[in-house]
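Please read the structure below before turning to the comments.
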Amino acid sequence: MSKQILVLPGDGIGPEIMAEAVKVLQLANDKYSLDIELSFDELGGAAYDKYGVPLADATLERARAADAILLGAVGGPKWDTIEPALRPERGLLKIRSQLGLFANLRPAILYPQLADASSLKPEVVAGLDILIVRELTGGIYFGQPRESKVLENGERMAYDTLPYSESEIRRIAQVGFDMARVRNKKLCSVDKANVLASSQLWRAVVEEVAKDYPDVAVSHMYVDNAAMQLVRAPKQFDVMVTDNMFGDILSDEASMLTGSIGMLPSASLDANNKGMYEPCHGSAPDIAGQGIANPLATILSVSMLLRYSFNLSQAADAIETAVSKVLDQGLRTGDIHSAGMTRVGTAAMGDAVVEALRSL
Ligand code: IPM
Ligand code: MG
């Protein structure tokens, strides 16, 4: 039976970068006879414009029925003033939560060709290869109660709640340890256990899970220290596992160590490795429609999709090799451009990856 992929280009630069990723996916499909079928729908602001909600029920059902989902990015100033419950981001949070995509894998890998694009010294980042495992369906993003209200004295106040149950922590810790096991057997769990009750439970449960992985060296770090260590000496890290909000923040930080957030893919997986794949970056409304966005993070998300959801490592490897080849050729979008390199736009970058893949 053919493998069904639901493509959700989203907002801002989403449609532009997705067009390039789809070209690459279609070529990989032909070249390696992958038997993949694509269908398309909307998420985020584009869905709000078309259906009046950021994630339509019918879209959610199609996502449930699909074998994997490829997502561009959501959000933009156009929808900043609509009712909070209908904002584009709500569609993204809902699809993550409804599909149970609790394990978010965000690799931060420095391509040797891009060492100059990092804001850190080349020797600090050379060879960098970190995997952030972010809990994606719990914590403060989803905790109840949450409320905005006006107090009796007329002052406005608002609060959120940061809950974690033992089972939610255990399953994401297990993903972290499993990943560490197939990498360098080193896991750093990041929390704020000196202050937060949820983090104290987090640390205790990670310690319990660690007993099942005696071959993995586990350490714990407070999130403020982890943020500092990431820019001081990032190569001390291999796999980092952390909660939803800390993971959101640290993964943006880690991505910039590699030169550009425009290079980094991500996978969000459920308990059966069904996944949604998306670039780590956002919808970049400031450059949308100009044809200058970097499509490589989305193209590399295709590679992650083939690898994690379908176990098609030959095709996944080939896409990664093709990306590396275009970087060797000196092609750079604006975000990763440096002196002496050839500046190209979104479509030219996508076409170059297609050509490199074709000639492998
Ligand atoms: C991310 C994004 C989202 C998040 C936003 C768009 C809701 O920042 O995927 O990192 O906070 O999870
Ligand atoms: Mg984020």
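Just so it is clear, glycine is given a Cβ too, placed from its N, Cα and C backbone atoms.
All annotation found in TrEMBL is predicted automatically rather than curated by experts.
According to TrEMBL, the feature NAD(+) binding site maps to 76-89, 282-294. According to TrEMBL, the substrate binding site annotation covers Arg96, Arg106, Arg134, Asp224. What TrEMBL lists as Mg(2+) binding site is Asp224, Asp248, Asp252. The domain 'Isopropylmalate dehydrogenase-like' annotation in TrEMBL covers 4-353. According to TrEMBL, the feature site 'Important for catalysis' maps to Tyr141, Lys192.
Taking a C-beta cut-off of under 8 Å and a sequence gap of six or more, Pro88 (NAD(+) binding site) has these contacts in its own chain: Gly10, Asp11, Leu43, Gly44, Gly45, Ala47, Tyr48, Pro54, Val74, Gly75, Gly76, Trp79. Note on proximity: among Pro84, Arg106, Arg134, the binding-site residues of the record, the Cα nearest Asp252 (Mg(2+) binding site) is that of Arg106.
For the recorded positions Arg134, Lys192, the ranking by surrounding Cβ atoms (within 10 Å, all protein chains) places Arg134 first. Less than 8 angstroms from the CB of Pro84 (NAD(+) binding site) sit Arg90, each of them six or more residues away in the same chain. Note: the Mg(2+) site is recorded as Asp224, Asp248, Asp252; in the same chain, Val223, Ala227, Met245, Phe246, Gly247, Ile249, Leu250, Ser251, Glu253 also have Cβ atoms within 8 Å of that site's Cβ centroid.
Within the model, the domain 'Isopropylmalate dehydrogenase-like' (4-353) shows a mean pLDDT value of 96, rounded to a whole number. Close contacts with ligand 1, defined as a Cβ under 6 Å from any of its atoms, occur at Asp248 among the binding-site residues Asp80, Arg106, Asp248, Ala288.
Residues near Ala288 (NAD(+) binding site) in space but far in sequence (CB under 8 A, at least 6 apart, same chain), listed by position: Asp11, Gly12, Ile13, Glu16, Gly76.
Across the structure, Arg134 (substrate binding site) and Asp248 (Mg(2+) binding site) are spaced 7 Å apart at their Cα atoms. Only Asp248, of the binding-site residues Asp80, Pro88, Asp248, place a Cβ under 6 Å from an atom of ligand 2. Between the listed binding-site residues, namely Ala284, Ile292, the fewest other CB atoms within 10 angstroms of a CB are found at Ile292.
Between the CA atoms of Ala284 (NAD(+) binding site) and Asp248 (Mg(2+) binding site) there is a gap of 17 Å. Distance between Cα atoms for Tyr141 (site 'Important for catalysis') and Asp248 (Mg(2+) binding site): 10 Å, as a whole number. Closest by Cα distance to Ile292 (NAD(+) binding site), from the recorded positions Arg106, Lys192, Asp224, is Arg106. Closest to Arg106 (substrate binding site) by Cα-Cα distance, out of the recorded positions Asp80, Lys192, Asp248, is Asp248.
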